[in-house]
Amino acid sequence: MAETDEADVQTKKSKTLIIRHLPRELSRDEKEDLLKYFGASSVRVLSEKGPLKHMAFATFSSETSASKALNRLHQLRILGRTLVVEFAKDQDSASILKDPPVSDRTAAAVAEKEKKEKQQPSVPLMDTSIAPSLGLKFQTNPTLKYLYPPPSSGILTNITHTLLSVPKFYVQVLHLMNKMNLPSPFRPVTAPPPMFEMPSGPLPPPFPPENPPLPEHDESGSEEESEYESEDEEERERMIRLMGLVNQPCKRPLRTKTSSKRKKPKLKDLLFIPKPDSHGPSGPVLQPADVFEQPHALGQKKIEFHISSEVSAILEGPGQNQKLPFADATEDTPDMEVSAQETTEGFGKIYPSAQVPRQEEEQEEDEDIPSEFISRRELERGRLSRDEIKKLSVFKKYEPGEPTCRLYVKNVAKHVEEKDLKFIYGRYIDISSEEERNMFDIVLMKEGRMKGQAFIGLPSERSAQKALKETNGYVLKDKPLVVQFARSAKPKQESADPKKGGRKH
């Protein structure tokens, strides 16, 4: 049996071997060097893809050297792969011998490629980048368009001066006229065409934004809009406003018209006689007697006080019964000073009380607030005026809502943090009171549908009303705050519902 196998091997011997399962880690040259090390005279390595991948044909000088190489290479492990080596069939050996070795073919291909490159003329490549000499090698944006003004006599005169001073520009203009099939300028002067006169006005409007604003809904739909879904509309409004500011032409500042409102005369202007102006025109001087009616001399009037029995029972003596109501009457009118002698003779004269200036009140109020919070001046300086608030669509259909001790703030900028809101709304609590510090809280939404909104909890409705009045419209990080009272579900009074069986005691 072994003799028959050896006989078959002897009959199938050839000079070419087929080597399968070559390691993929080896390159083409390394595979050729490996097989030539075992005595191969020429090697053809097949491609690394397809059904014949990781295979090679090796041709030897004789069948004896091929059989020796087969015995040494068959079942040899290289880089974790076991080689399978066989004698090639006559058809395979004929095709292999017909084709040149791989190394020879690659050299011939390289030589042929170089020959073709030499035959082709070197055409200079046009560099269409912006400024290659300055390092700007990227291409220009094809969507950009120039916005030239319409022709005028001044512009055409300047172009004529440039044509006279730059000969190359003159030649290029002639080339362009020839390319556009325009009439030749080398002839008598033609009649001037009518000039296109553009009315002086602002520049054309800018291109429409990428995200145009959506059409407005009906009033019924706008009333049902949730207060948490206002971020997209506000962002679009902000982008449109910024685009308008960028593309808006420069304008002269309008002169503010002085309002011709008639000043109403005040009581103090009528009481005190103004000093006569030496430079002004002399006129009749009015006396108080000419303006006010003179009090008539009447008899002494009696003042009666009607006191209830409950009040008289509380008072200790009869002397106090007469003094106490008079004191109450004077306390009810702290802004007036009435003398006892004048009350006996008519109503007397009324003088305005000395009012503390507003600046002093603001200074006293700011002194009570710690320096770590915003001052009243900074609030007024950063708050929008009423006219500016009416122009913004963020405040369209704005309503403060029912007063509660919790504020709802929207249109908050992305870069605003809780410490910024604490810096503003911390002035409306008493830092020394632990109870108010615990009741003061800030919830700022930075993600989801409620992004750009915040809730401020204050100790009382009074402080919340004051905070809403002073902070609504305050510009924080380039966006005005829209402050409202937060919606709260108030419990219904049980006495108002007749189905629940009346009031509980």
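Using N, Cα and C of the backbone, Cβ positions are placed for all residues, glycine too.
Now, the feature entries from Swiss-Prot:
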DOMAIN    15-90  domain 'RRM 1'
REGION    96-123  region 'Disordered'
COMPBIAS  193-214  compositional bias 'Pro residues'
REGION    193-236  region 'Disordered'
COMPBIAS  221-235  compositional bias 'Acidic residues'
REGION    354-374  region 'Disordered'
COMPBIAS  361-370  compositional bias 'Acidic residues'
DOMAIN    405-488  domain 'RRM 2'
REGION    486-505  region 'Disordered'
COMPBIAS  491-505  compositional bias 'Basic and acidic residues'
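For the domain 'RRM 2' (405-488), DSSP puts the residue distribution at 28 helix, 24 strand, 32 coil. Residue counts for the domain 'RRM 1' (15-90) under DSSP, split into helix (H, G, I), strand (E, B) and coil, are 22 helix, 21 strand, 33 coil. Mean model confidence of the domain 'RRM 2' (405-488) amounts to 88 (pLDDT, 0 to 100 scale).
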